[in-house]
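Features as listed in Swiss-Prot:
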- 2-241: domain 'ABC transporter' (DOMAIN)
- GLY38, SER39, SER40, GLY41, ALA42, GLY43, LYS44, SER45: ATP binding site (BINDING)
Amino acid sequence: MIEIKSVNKVFYQGDKQIHALKDINLFIPQGTIFGVIGSSGAGKSTLIRCVNMLEKPTSGQVIVDGVDLTTLSNPQLCAARRNIGMIFQHFNLLSSRTVFENVALPLELAGQSQQHIETKVTELLALVGLSEKRESYPANLSGGQKQRVAIARALASDPKVLLCDEATSALDPATTQSILELLKEINRQLNLTILLITHEMDVVKSICHEVAIIGGGELVEKGTVGDIFAHPKTELAHQFIRSTLDLSIPEDYQVRLQPTRVAGSYPLVRLEFTGATVDAPLMTQIARKYNIDVSILSSDLDYAGGVKFGMMVAEIFGNADDDEAAIRYLRENNVKVEVLGYVL
């Protein structure tokens with residue numbers, strides 16, 4: 001459905017070149033919810049704007065439903081964009097128009113009949129759960145309701161693709177979840193291909209089938225959500241996975257942490273478990289095998305793409321050789337171990 005082939009985007013500031021995208025290659029199948037995640041400035045918003053030619057790539061191809069958008073004239077591109085809906089972090093509703101009139105706007109601009117507009121908008125407002133708000137104005141809506149109006153408006157032309165650029169970033173957690181559930185339902189009902197840009201791994205975990213991770217304008221890693229969470233290959237992937245599990249070090253431990261081992265200290269470790277390692281009794285194994293004690297300060301477990309993953313912060317009590325042997329054993333069994341320091 002969407003093919004991004006060797007896409008590069010360069011911005012110019014005087015004599016300075018800024019490479020926002022570097023040789024990006026992605027394929028997004030029909031009916032997929034595909035997430036692109038990256039930190040601020042990674043290039044993800046530039047990428048999504050290239051998909052509908054709001055930003056024209058410096059080089060490369062963007063093929064949507066078999067049509068290479070980079071080769072189209074302006075009138076042809078305008079017609080092709082009717083197959084691509086888009087929603088943003090900010091809702092961009094017209095304050096002087098009612099909910100009904102905001103959703104109807106693309107249909108009016110396309111020259112549709114009043115009968116078609118009435119039928120279509122009524123159907124869309126029912127889909128997004130806003131039938132009773134049709135005569136309300138944006139000022140009287142919550143943030144979540146405004147985003148629902150924006151979604152209905154984006155679907156007015158029956159697009160085959162919906163682009164979501166940080167669509168939940170301005171919403172509270174409960175409202176974010178309701179919007180994500182709505183997008184999942186729309187994907188199921190309409191078989192709509194959704195390309196979703198976010199900096200939050202929780203959003204990817206909740207809704208996406210596949211994900212690509214972008215850093216510094218480059219494609220760092222891609223795959224199914226289950227594969228990325230079960231077998232992250234890069235440090236950036238580990239960082240985003242870690243962000244979904246909030247395991248901070250207690251303050252009293254932070255002040256006692258030493259960078260190197262000294263007499264009377266013991267290691268404080270952060271362990272990341274993915275895939276099969278989540279269910280393996282590794283902590284009891286190392287306790288018995290190496291004659292050490294393990295004190296778990298905090299732990300968390302979650303699911304993404306049908307795969308369990310978890311994290312733990314723990315203290316290891318033993319002599320230096322046994323501690324190191326236990327850490328090696330965990331790493332040999334595909335547990336990512338980070339020694340945070342040594343508690344004195």
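We count from 1, first residue shown onward.
Cβ coordinates come from backbone N, Cα and C, glycine included.
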Message = Within a 10 Å radius of its Cβ, which of these binding-site residues (SER39, SER40, SER45) has the fewest neighbouring Cβ atoms?
response = SER40
Query = What average pLDDT does the predicted model assign to the domain 'ABC transporter' (2-241)?
reply = 93
Task = Mind checking which of GLY38, GLY41, GLY43 has the fewest other CB atoms within 10 A of its CB? They're the binding-site residues.
result = GLY41
Query = Other than GLY38, SER39, SER40, GLY41, ALA42, GLY43, LYS44, SER45, which residues of the chain come within 8 Å of the ATP site, judged by Cβ distance to the Cβ centroid of those residues?
reply = HIS199, ILE214, GLY215
Ask   = Looking only at Cβ atoms, how many others are within 10 Å of the one on ALA42 (ATP binding site)?
value = 23
